[in-house]
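What follows is a set of notes on a single structure, which appears directly below.
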Amino acid sequence: MPAARPPAAGLRGISLFLALLLGSPAAALERDALPEGDASPLGPYLLPSGAPERGSPGKEHPEERVVTAPPSSSQSAEVLGELVLDGTAPSAHHDIPALSPLLPEEARPKHALPPKKKLPSLKQVNSARKQLRPKATSAATVQRAGSQPASQGLDLLSSSTEKPGPPGDPDPIVASEEASEVPLWLDRKESAVPTTPAPLQISPFTSQPYVAHTLPQRPEPGEPGPDMAQEAPQEDTSPMALMDKGENELTGSASEESQETTTSTIITTTVITTEQAPALCSVSFSNPEGYIDSSDYPLLPLNNFLECTYNVTVYTGYGVELQVKSVNLSDGELLSIRGVDGPTLTVLANQTLLVEGQVIRSPTNTISVYFRTFQDDGLGTFQLHYQAFMLSCNFPRRPDSGDVTVMDLHSGGVAHFHCHLGYELQGAKMLTCINASKPHWSSQEPICSAPCGGAVHNATIGRVLSPSYPENTNGSQFCIWTIEAPEGQKLHLHFERLLLHDKDRMTVHSGQTNKSALLYDSLQTESVPFEGLLSEGNTIRIEFTSDQARAASTFNIRFEAFEKGHCYEPYIQNGNFTTSDPTYNIGTIVEFTCDPGHSLEQGPAIIECINVRDPYWNDTEPLCRAMCGGELSAVAGVVLSPNWPEPYVEGEDCIWKIHVGEEKRIFLDIQFLNLSNSDILTIYDGDEVMPHILGQYLGNSGPQKLYSSTPDLTIQFHSDPAGLIFGKGQGFIMNYIEVSRNDSCSDLPEIQNGWKTTSHTELVRGARITYQCDPGYDIVGSDTLTCQWDLSWSSDPPFCEKIMYCTDPGEVDHSTRLISDPVLLVGTTIQYTCNPGFVLEGSSLLTCYSRETGTPIWTSRLPHCVSEESLACDNPGLPENGYQILYKRLYLPGESLTFMCYEGFELMGEVTIRCILGQPSHWNGPLPVCKVNQDSFEHALEVAEAAAETSLEGGNMALAIFIPVLIISLLLGGAYIYITRCRYYSNLRLPLMYSHPYSQITVETEFDNPIYETGETREYEVSI
């Protein structure tokens, strides 16, 4: 039975409550904000339990009921008010179908109606109105309800503060999880002024939620919410929960329902805002040249930041050179240029060092540019130009006490190593530069070590050095060197250095055994024989004994063989000499000079060969040593640490004063600096030690470049007296040169086989000089040099190297190739072979050859492989009265076809024709013709005539036989006819010769079987 109708006062209260709820100003504002014609339905909410939707099983959601409000909240309120006043609210005890929206057909929300749904009657509406008792519902339940299909009905409990989303709005939580998949170049205007509540965003950077007065969008029907499995919160502040709290009061008694009250509801909702994940973009380049421009990255989404990575990868063996065309970044933006070496990233430059015109080169074939910005507007801009350049191996490390000769640093180049006199090479004598993403040498650089002992036969010149101590030595050594010169020659030993420990011993014998004459014993004399030792014969034996754990003793003994009656060849370290007689005969004069940075000491600059009977030099060779201090006034010079190349001694205090022209200044280039932490090198700007210091260094340091402001420069070096305790360094090398006094960089020289261009008329700071090479040459080094703030160039000038390789001609379709050298150096050959079914057009062998001008090229163009059918010659056919040998339909170029004629015919034309390659291919001659052979014809005629005569004779004989036979046959036939036709008139009556008196009987046989039925008529004579 339907419930009793409530009093009029209760109805008026409920109508006022619904008018406030459904017709609030907020709802009106949201309704006005919608575009014209927007029929977006209101969000779904729940009906009381016990009212499942018609047509759907009630077991799935027994406590849920989802209806959808029509677009106009005011219209819904008016209609519902009329229903309530009429007392026709729907009942909760009956199946309540969805209310049809009171809108025109074209303005209705685009939701499919469930089948067989009918409009509710006024009685049902009134019954449902009286049973409106919201029940407490958890947030999870609300989300589950949002996942149910919404019907086209009036949402009786729709909140006026909620702005519904259009049909098909995605689940906000799911949308947030898929935020990273949004296109990076999304128009920022789309998110500038949101017309719908912001969806729930979930990202790795989630901040704490705050309370706002906006409801989140409902999820898409059919998609479960992410919080379905979560427990319901302790207190729910949703509109449904606020109404559920008063359910018992609303249903308590009829008297309470009849009271005339006005209810106001405050609805608060919670929106979780999150920090957006970064918008990522990645661009890859593989062209040999191009630009990286800030316009390549997408527009920045609102309230977000952008991360872009630009990767440039070129062919193996080439690097990437970046040149800064323009850079204008905002504060907080990051622009980093990184070298990529496998998994390792090396920062080559960043935004603090990037200036226009700067050049950065990658060490491998890949370079990466990383850009990051947090700006909402005013993004920084940059433009970089990139181009490929040929990578090269690093210059191989020169072995200590050795040298290296490099033929080419590019791929395929070789480096040859050799050791100085007295040292032996340990390792490969030759290394090859291997082509790779980062070119490298084929193996580690070798080292040079001094051996412990050895034998030298047919000696001419050499050294005996203190042996190198390996790491696993036990400290004791006993070394024997035997030096044997050719017969008739003598040996001279020159002690360039001899420092023996107290317990170490050295002996020198003039012979092969230690029983020979003793020339020197370190235990018997304390002086060093700097004048040298001469052998009595052609052999010298040197013995060295040491018990030290490390190489406490050092010595350097030079030996040379010379003819008897001549002086030995002199020698000076760190210097040179000139001689009047290269055979060093009696009267020869030798003059010595020292290398820059060294001075002569311990001997004269000139010596002479004297004594005819036993020639010798009138004095010992001098020594060239790096001095401690001095005054230098040359235009250019060298300053070395004391005792260079040997380590400096402790307790040194040296001062060098350099002076150049009055209108000039000094450029000082510190090329090598290796000091201990207690040793100090100070550079002063001026002619005396004063506070104006250009630089002060200790320990290890890289190359330094300094300029003086005056024509004078002072260098002071102090080594710690306690150097044996704290250790000491190897020393330093400094070059200086006189330069003009101005505010510009020094001019750079021209390069051979190339030219240079200058960006400014004056080489001021920021000016650039660009070098280029002539055709056929590659530039080695940086092609663009920039004048830096300290008036020095960014790098050394490059040089042009002749190109000795060809570019790869490429692959040929349908073929394979065999390359003799993967580097494609001059002389490399490439052999192309076509696959089966294809024929090669062009030369199969290409060779790289060098030209006087221009780059090396290949001997011919790249061939092509074409199918056999496209090049084959068709069969020309058969000549009349002839045939072919080995008949085929198609003939490849180069194949031949042979013709033959039948007997009696003669072939006119080429017996064999050949298929000639062409476009199209053709035969080298026409089809031959088979003509009758005249000799054969006459012979055949004679044979025919002879055959005719023979046949005539045979015919005559046949006639002679045939005529009598014919006559006899005629006679017999006539007799037979006479007997058979004329027997009735004969008087001779013979048995069985007369016909019977009965007529002849004609019998026609019939057979039922059609197979045996012949249809013939047979005659039989019957005698009775």
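Here the Cβ of each residue, glycine as well, is placed from N, Cα and C on the backbone.
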Can you look up which of C745, C806, C834, C848 is joined to C787 by a disulfide in Swiss-Prot?
C745
Considering the candidates C594, C609, C628, which is the cysteine that Swiss-Prot reports in a disulfide bond with C624?
C594
If you follow Swiss-Prot, the disulfide involving C865 connects it to which of the following: C834, C848, C873?
C834
Candidates C433, C448 - disulfide partner of C393 as recorded in Swiss-Prot:
C433
If I go by Swiss-Prot, the feature region 'O-glycosylated at one site' sits on one of 147-161, 462-476, 747-761, 807-821. Which?
147-161
Euclidean distance between Cα atoms of N742 (N-linked glycosylation site) and N674 (N-linked glycosylation site), Å:
32
Around N576 (N-linked glycosylation site), how many other C-beta atoms are within 10 angstroms of its C-beta?
11
How big is the Cα-to-Cα gap, in Å, between N311 (N-linked glycosylation site) and N350 (N-linked glycosylation site)?
16
What is the Cβ neighbour count of N514 (N-linked glycosylation site) at a 10 Å cut-off, with all protein chains included?
11
By CA distance, which of the glycosylation sites (N328, N350, N458, N742) lies nearest to N576 (N-linked glycosylation site)?
N458
If you measure from the Cα of N742 (N-linked glycosylation site), which of the glycosylation sites N350, N458, N514, N618 is the nearest?
N350
Rounded to a whole angstrom, what is the C-alpha distance between N618 (N-linked glycosylation site) and N328 (N-linked glycosylation site)?
75
Just to be sure I understand the packing, how many Cβ atoms besides its own are within 10 Å of the Cβ of N350 (N-linked glycosylation site)?
13
Just give me the nearest neighbour of N435 (N-linked glycosylation site) among the glycosylation sites N328, N350, N458, N514, Cα to Cα.
N350
Can you tell me the CA-to-CA distance separating N328 (N-linked glycosylation site) and N350 (N-linked glycosylation site), as a whole number of Å?
13
N458 (N-linked glycosylation site) to N514 (N-linked glycosylation site) - Cα separation in whole Å:
20
